[in-house]
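One structure is given here, and the rest of the page talks about it.
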Amino acid sequence: MFALSLLLLPLGYIVYLIGLAVYRIWFHPLSKFPGPKAAAVSEYWEAWWNIWPHKGGCLFEVERLHGVHGAAVRMGPNEIHVNDPRYYHELYRLGSRYYKDPEMHKVLGAPSSTVAETDPVLHKIRRGALEQLFSRQSILKLEPMIMGKVERWSSKLEEHFQAGKPVPMEFALKSLTMDMVTTFAFGQEFGAVEDPGFMSIPVRLFRNYLMSLHVIKAFPFVKLLQGLPYFIARHISPTVEMGRHLEDLSDGHINSFVDKWQNGDKPNFPTVIGRLLTPNEDKGFQVPSKQGIKDEVITLVSAGNDTTGITSMVGLFQILTNPKIYDRLLAELKTILPKVDSVAPYQELEKLPYLTACIKESLRYASAAASRTPRLVPPGGIYLPDGRFVPAGTRIGMAIYLIHFNPDLFPNPRVFDPERWLRDPAEMTVQNKFLVPFSKGTRACIGINLAHMELYTIMAYLIRRHDLKLYNTTAKDMEWWDMVIPEFKGTFKAWTGKRTE
């Protein structure tokens with residue numbers, strides 16, 4: 001009898017799974033939405049496309065499915081993906097009733113950060129404490145610091161050229177943005193630019209961490225590695241070892257900043273930690289714990305480093321492979337930077353129409369945060385623009401990549417074309433509305449002003465000061481997998497000799 005019971009248990013579980021699959025495919029409220037049956041049955045359909053055997057391919061499979069099935073496809077037991085521009089500004093807008101999905105944001109770690117906060121009231125308090133810091137007026141005060149980083153970085157590029165070494169541009173650009181954003185965050189840089197090959201641990205770690213999120217989402221238990229003794233975990237995962245190094249580095253920077261702050265030694269430019277250490281009772285903001293400060297700062301560094309580095313890298317590659325674009329941009333830069341070592345105010349760079357067009361097109365073409373950012377359908381459900389009803393609690397999202405490469409919004413979207421941003425303003429109304437690299441609404445990227453300053457400064461001085469030439473790099477190398485951020489299939493290298501005039 002006991003043996004029979006043991007046999008019936010697994011059989012019963014199998015029957016349950018079969019019944020669950022039948023319900024999800026044919027009787028679930030989302031069963032009217034087309035999509036793969038495997039996606040309707042299990043969220044591991046996404047893992048199949050993102051981890052193995054396809055690696056970072058779910059975004060592109062969803063793109064294909066939209067081509068077959070139309071504006072809305074089912075990509076999980078309780079999730080649909082929408083590719084209808086009419087819906088974008090409803091889903092992602094100020095005052096939106098759509099909440100972030102707590103389960104999705106557990107993947108990120110840093111639970112006390114603003115990015116991971118799903119409660120709209122708490123999110124408003126936390127974001128409100130930082131909004132003034134990230135305002136345009138505040139970011140303009142960072143200009144001397146940003147320019148100092150560019151000067152140092154430029155000298156390192158020249159050193160590589162003199163040593164006969166082509167520069168790995170992805171890591172070089174991410175090293176620069178790393179030192180910019182960590183100085184803004186911690187009051188002092190991580191020193192990524194000083195690494196001889198631009199392969200410092202922080203740069204590699206943030207890149208590897210973001211690329212590991214597909215695995216963490218599918219198999220949350222892997223986060224238990226962080227709780228293992230260090231001497232064991234380091235042999236299982238190199239990322240754990242780098243993570244411990246980052247923890248120590250961050251703790252050291254935070255402790256150093258707090259000690260100086262308490263002794264009245266404050267930086268002469270705005271910093272994230274400085275703002276977090278300043279309570280605001282009127283807005284309900286209290287100074288976070290040390291862990292809360294670290295969560296906030298590390299999340300901001302992670303979000304701001306790779307995306308800006310990737311955008312500038314993709315834009316630079318496209319410019320270098322299009323001589324007409326390159327020559328026109330260089331000629332425009334020379335109008336306000338007449339000498340190789342000339343310096344112009346950031347607000348003057350912003351006024352350059354062709355530079356602005358190149359940066360806008362880089363933001364569109366790179367789509368560095370390409371994937372969907374899902375939300376939960378609010379109580380009462382919603383109707384899509386085509387009239388279909390989506391019940392409350394459904395996870396729903398739209399990918400920025402599919403917006404930016406929609407031919408109805410951006411004609412010839414696979415062509416890098418700065419000219420599209422130089423037409424009559426009336427013609428560009430739709431394009432400007434749907435250029436959404438920072439998302440939109442209450443949850444839009446808070447660092448947009450900092451990112452713009454970095455992009456203008458990097459692009460202007462890199463192209464004006466250095467005679468850039470590709471080294472063993474083709475368009476094939478710039479193809480990518482969607483690993484939360486793009487992971488490129490090859491390496492973009494360039495010669496970075498200093499111009500003589």
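The backbone N, Cα and C atoms fix where each Cβ goes, glycine too.
Here is what Swiss-Prot records for this protein:
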BINDING   C445  heme binding site
CARBOHYD  N305  N-linked glycosylation site
CARBOHYD  N472  N-linked glycosylation site
TRANSMEM  2-22  transmembrane segment
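C445 (heme binding site) is surrounded by 18 other CB atoms, counting those within 10 A of its CB over all protein chains shown.
Counting other Cβ atoms within 10 Å of each Cβ, the lowest count among the glycosylation sites N305, N472 belongs to N472. A helical conformation is recorded for N305 (N-linked glycosylation site) in the three-state DSSP classification. According to DSSP, N472 (N-linked glycosylation site) is assigned to coil rather than to any helix or strand.
Between the CA atoms of N472 (N-linked glycosylation site) and N305 (N-linked glycosylation site) there is a gap of 26 Å, rounded to the nearest whole number.
In this structure the alpha carbons, written CA, of N305 (N-linked glycosylation site) and the residue listed as 'heme binding site' are 13 Å apart. Under DSSP, C445 (heme binding site) is assigned to coil, being neither helix nor strand in the three-state scheme.
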